[in-house]
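A short worksheet on the structure shown next.
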Amino acid sequence: FRCEQCQKEFDTSAALERHRRSHSGERPYKCKICGWGFNLSGNLNQHMAIHQKVKPFKCVYCGKTFARSNVLKAHVRCHTGERPFQCELCGAKFIISHNLKKH
């Protein structure tokens, strides 16, 4: 199964359908508490931890806790100074990829 937009191939039609949402921006999985939408059901499940106040991921530097491991990973970079996302045009470096995209 091949994506018409980017030619990426998938083993199942369901995987292709999930991938298509990355192009369309469709977010069919909605949080019933705050209304945020997600393109994958697993992302909604991760998000729900925020509302349940479950924060199992702890920073070894300052003790701050997080609901998601990827947010902890980005936070730790504030302590270490790591900035792995670099602009190819000007060389500016960023802690998270989203900030590079905004730049």
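Every residue gets a Cβ built from N, Cα and C, even glycine.
If you check TrEMBL, you get these features:
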type	residues	note
DOMAIN	1-28	domain 'C2H2-type'
DOMAIN	29-56	domain 'C2H2-type'
DOMAIN	57-84	domain 'C2H2-type'
DOMAIN	85-103	domain 'C2H2-type'
For the domain 'C2H2-type' (57-84), could you work out the same-chain residues 6 or more beyond its ends whose Cβ comes under 8 Å from its Cβ atoms?
46, 49-50, 93-96
Would you report the average pLDDT that the model assigns to the domain 'C2H2-type' (85-103)?
95
Against which stretches of its own chain does the domain 'C2H2-type' (1-28) lie, if we need a Cβ under 8 Å and a gap of at least six residues from its ends?
37-40
